[in-house]
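Chemist: One structure follows; several queries about it will come next.
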Amino acid sequence: MAITVPRRQLFIGGQWTEPVLRKTLPVVNPATEDIIGYIPAATSEDVELAVEAARKAFTRNNGKDWARATGAVRAKYLRAIAAKVIERKSELANLEAIDCGKPLDEAAWDMDDVAGCFEYYADLAEGLDAKQKTPLSLPMDTFKGYILKEPIGVVGMITPWNYPLLMAVWKVAPSLAAGCTAILKPSELASLTCLELADICREVGLPPGVLNILTGLGTEAGAPLASHPHVDKIVFTGSTTTGSSIMTSAAKLVKPVSLELGGKSPIIVFDDVDIDKAVEWTMFGCFWTNGQICSATSRLLVHERIADEFLDKLVKWTKNIKISDPFEEGCRLGPVVSKGQYERVLKFVSNARNEGATVLCGGVRPEHLKKGYFVEPAIVSNVTTSMEIWREEVFGPALCVKTFSTEDEAIQLANDSQYGLAGAVLSNDLERCDRVSKAFQAGIVWVNCSQPCFCQAPWGGTKRSGFGRELGEWGLENYLSVKQVTQYISDEPWGWYKPPSKL
């Protein structure tokens, strides 16, 4: 399938702008390992221009053009963007699939979610107008008070490659709804659809500088964005190591951050489940998006009474997954995003075997695919809690397995992690599911499923999985500053100080 990759520049101040140093980066199709295009590579010089453009857009006309415009005004732009995404859905899905390797069906689903996210935050932007000047109940009748919610300012956004456009929009849509202006730095491994978002913003007439998009390396564009003194907040999705570095940079300026970082999430399967249904949700929880999901439920805890039957079916189902070029009909597992990621996944599985674990299937290149960064999904059993594959995030199609005998043991094993992003519990006993949901040390819990995500529900983790919440009303609050206004309404003087004697 011939797909034309548009040649774009950086998007700064509403204009396509060549990088100051004229650097570029190759775009590699992970299914073929071929270079299919180039993206501009921003550096600190371009970050300066983008921050200046965002700052001007925020303050233009005393903020009346954007930051202090009504939510209804901003909502019109968000809805126009959503309509354009649907209009260009096929093109955007093709670019997403060829850029990051996810199956085309998944990429198309992502585009629906992108449009839905813009629509959702358009509604919330309109609702924000009615929430201004919310009255406060004060204990003294000589005062009245109210609350103002104001955009936090210029926001820097650094986003990952597993959901290149969708996870960018999780940040862009609520920030624009709130009245912020933004600089988006997508991952250098998958930036094509984010550049097309810039083109859509240009088409709908989004005011110049409201959204600026810089592609490039994290060290050359992301780091100077995170440490820039005129960026009011940083939001980041990615590795815990990078998130820690961003926190360090922000701390020097007392700059707020929201971080959605790594995960090693558990899925607990009790012995009263429908095994076929549970097997499919277990697979979906770990192998969806080619296994490259921050919330992947990649630690399977299965009750010992059903473990043999469950694993037998799980291996058979997993071997039946269609692994192919993302554009082949019925593809359910494409390549991982890059050579580095491919080598990382293979090494994790190899190390597990060397540590004494049993590889039930996968963890190697499929025999029928001689090129591309393809990995057969791996299922690894006989793991111990000290093994690397149990404790560290693989970010690829690799599932490790342990058995348990009691509910308490399952919960203890589930929470035995430095991460706390998500967890899943599968059981027909809903009271037990409720107990386990409360016991999980995680920000997201799935009951009798794994991975469904809706823009109406909050998203984020605990422990080393980060802090702050995206999506839902919480996602909008992420970009708002709360101001309290208190007014003295009595006709009488305050009377605290004795007035000077009259002469």
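Just so you know, glycine gets a Cβ as well, placed from its N, Cα and C.
Take a look at what Swiss-Prot says about it:
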type: ACT_SITE; residues: Glu260; note: active site, proton acceptor
type: ACT_SITE; residues: Cys294; note: active site, nucleophile
type: BINDING; residues: Asp99, Leu189; note: Na(+) binding site
type: BINDING; residues: Gly238, Ser239, Thr240, Thr241, Thr242, Gly243, Ser244, Ser245, Cys294, Glu393; note: NAD(+) binding site
type: SITE; residues: Asn162; note: site 'Transition state stabilizer'
Chemist: Looking at the recorded positions Gly238, Ser244, Cys294, which ones sit with their CA no more than 10 Å from the CA of the residue listed as 'active site, proton acceptor'?
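Modeler: The recorded positions close to the residue listed as 'active site, proton acceptor' (Cα within 10 Å), listed in sequence order, are Gly238, Cys294.
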Chemist: Roughly how many angstrom lie between the C-alpha atoms of Thr240 (NAD(+) binding site) and Asp99 (Na(+) binding site)?
Modeler: 24
Chemist: Between the recorded positions Asn162, Gly238, Thr242, Ser244, Cys294, which lies closest to Leu189 (Na(+) binding site), Cα to Cα?
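Modeler: That would be Asn162, the closest of Asn162, Gly238, Thr242, Ser244, Cys294 to Leu189 (Na(+) binding site).
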Chemist: Can you name the residues of this chain that are 6 or more positions from Asn162 (site 'Transition state stabilizer') yet have a C-beta less than 8 Å from its C-beta?
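Modeler: Listed in sequence order, they are Cys100, Lys102, Thr289, Gln292, Ile293, Cys294, Val337, Phe395.
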Chemist: Identify, among the binding-site residues Thr240, Thr242, Ser244, the residue whose Cβ has the fewest other Cβ atoms within 10 Å in this structure.
Modeler: Ser244
Chemist: What is the Cβ neighbour count of the residue listed as 'active site, nucleophile' at a 10 Å cut-off, with all protein chains included?
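Modeler: Excluding its own Cβ, the number within 10 Å is 27.
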Chemist: So for Gly238 (NAD(+) binding site), how many other CB atoms are inside 10 Å of its CB?
Modeler: 23
Chemist: State, in Å as a whole number, the widest CA to CA span among the NAD(+)-binding residues Gly238, Ser239, Thr240, Thr241, Thr242, Gly243, Ser244, Ser245, Cys294, Glu393 given in the record.
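Modeler: Max Cα-Cα spread across the NAD(+) binders: 18 Å.
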Chemist: What are the sequence-distant neighbours of Asp99 (Na(+) binding site), meaning same chain, six or more residues apart, C-beta distance under 8 angstroms?
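Modeler: Within the chain, Asp99 (Na(+) binding site) has Cβ neighbours under 8 Å at Val27, Asn29, Pro164, Ala190, Ser191, Leu192, Thr193.
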